Each structure stands twice: as structure tokens, then as C-alpha cells.
Amino acid sequence: MPKNRRTSRGKSRISSNFSAQHLLINKQLSKDMIDMAKITPNDTVIDIGAGKGAITFPLAKRAARVIAVENDPVFAEKLLDKMQGVANIRMNRQDFLQFNLPKSPFSVVANIPFSITTPILGKLLDDPAVPLQRAVLIMEKGAAKRFTSVRITNPRILKWRMWFDLRLVRTVSPDHFSPPPKVESAIVTIFRKQSPLVPLHAHARFMALATYILQQPQAPVFAALQGIFTPSQIKHVVKALRLERNQAVSSLNEQQWGELFHSMLRYVDPSRWPKVPKKKMPKIPRAKAPKMPKPKMPKISKPRMLKNPKQKK
């Protein structure tokens, strides 16, 4: 094992890749991703897992403001050194999952860490009130196919797609990274829909519906809708959405899911709606009373029994 080298600042430089990132080394691919994201001189853009800045610095030439988020201490230090004189880059050395997202509109262009792909997308897409406008992300190809599949079996992914268009646009060879990953990668674009299929205030209600219906994704439509819609309502919905009674509920497209949700709100008695889970309030730990030292009781010696003096005869 090579020894850790020390910097001039006296800090230990870790020789290994702390965050296990596969760094992008193809400059043309970085440029292509920025073009796909349609970055303008007015945009705020986040680079998640900025690494050595392969995307960060080209972004700085196009965007008004770039936020580089990097948790690896070695890469973060190198980025800070390279950022000297580049006024529109802000460095955040922290885990992206703990990062506070901007409250004003922003975009993301990034080669994200494969190990936390789903949590990253969850942070960006779970709450449609987050003002993400566009994202172009490199991720593991299997995850990319799962997020963009025509058949939707996961209610969380379905909810994302009510507000955002997700597209797998191209496969990326392992040769474009250092070290090269053992799996193929892909570029996924995410664009906010101009006309969301579900209103913002109803996203929790929609999630409850999707979770209920997709309990068995391969169930036929008529069976999946039972318990919410009455038999006559199911017949009406199947006809209005141009569905087959026995087709798998996972085959519904995003537009049909939107229409199904609005049909529930309009025609179904609220008592039959799937319940929205209550938000769990964080537990507030009770303050423990300080332990008081037990008072030391003075030892009480047992009284000695006086022996009767022997009587002289």
C-alpha cells in the first residue's frame, strides 16, 4: 500500500479515490451534455460529484453561476486550487444528499456517483416544488433503463414522470471514464413538463393512488382499480382511457395515469380514495435528568455487647 503523501498545508492526501467515482475524461462528451441541457448565460447549474472539474469548468463558460458539489477531500482541494480566478463557480465540499438545493430555478449537469443514483434522483424529483428545470445526468445504464421504461411498475418513478420528461438519449462507453466502470453507462435527460399531468398540491394524493394500484403491476386494469372505483366507474374509465379490461395496469402511459387520477377526484367518493400516509414527525429526544451522585451514608458501627464480668464465687 502506498503511503499517504502530505501536502504543503500539512494535510494528509489520500491516494485512493475516496468516493469511488468514475471520472469523466472525454471533453467532447462534457460539451455535448451541456448542449443537451440547453444552458444559457442566465442559468444556475449544479455539478454533482464534480471530481476534477471535467464538467464544472466548461459549465462556467456558459452559465451565470455554477455550484460544484464534491465530497472527496482530495478532489475538493484540487478544485479549489483550479477555481482561482473563476468568479462564477462556488465550491461546496459536502455530501450532495445533505446539500441544500437552491430555492430559485436551477439545472443540473453531472456525472453522478453510481452508488447513490436513486437517492440523488429522489432528492431532485420527489418533491415537484423543488425548482429543478432541466438535468442531464450520466448514470449506470441499468438504472437509466429502469427510470425511462415504457412500462412503469414503481410508483415513485411514476410520480416523477407526472412532472418531468425522462429520456435515455445515448449509451456511454466505459472508455470515457477513469477508472473505467465494469458496466455500461447512459445519459438521461430530465426536463420539467410545461403542463404537469397532476397539480402541484396533489402530488401526495397521486402517490397514494399510484402506490395502491401498482401493488401488483401485472394485475389487469379491472382488478387493480377495484377498491377505489365502483364496477360502473371502472367500465367508464376503461372506455374513456381506451384501455382493455384485462391489460396490465403497468402498461398505462403517463397521460392515462393523469386522466385516471382526475377521474378519481371527480367521480369517486373521497371515502374510497387511498389514504395519504401522514408525515412522520421527527422524534424529539427527551432530556435526561442528570444523574445525581448518591449521598454517602456514614457507616454506623454496630454497638459492642459488653460481656458480664464473671462473678467471683
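The backbone N, Cα and C atoms fix where each Cβ goes, and this holds for glycine too.
Just so you know, TrEMBL annotations are computer predictions that nobody has curated.
For the S-adenosyl-L-methionine site, TrEMBL gives His22, Leu24, Gly49, Asp95, Asn111; the one candidate out of Glu70, Glu140 that the record lists there too is Glu70. When the binding-site residues Glu70, Asp95 are compared by the number of other C-beta atoms lying within 10 angstroms of their own C-beta, Asp95 comes out lowest. For Asn111 (S-adenosyl-L-methionine binding site), the Cβ neighbour count at a 10 Å cut-off comes to 28, with all displayed protein chains included. His22 (S-adenosyl-L-methionine binding site) counts 23 other C-beta atoms within 10 Å of its own C-beta, drawing on all protein chains shown. Residues listed for S-adenosyl-L-methionine, His22, Leu24, Gly49, Glu70, Asp95, Asn111, cover a largest CA to CA span of 19 Å. By the criterion of other Cβ atoms within 10 Å of the residue's own Cβ, the least surrounded of the binding-site residues Leu24, Gly49 is Leu24.
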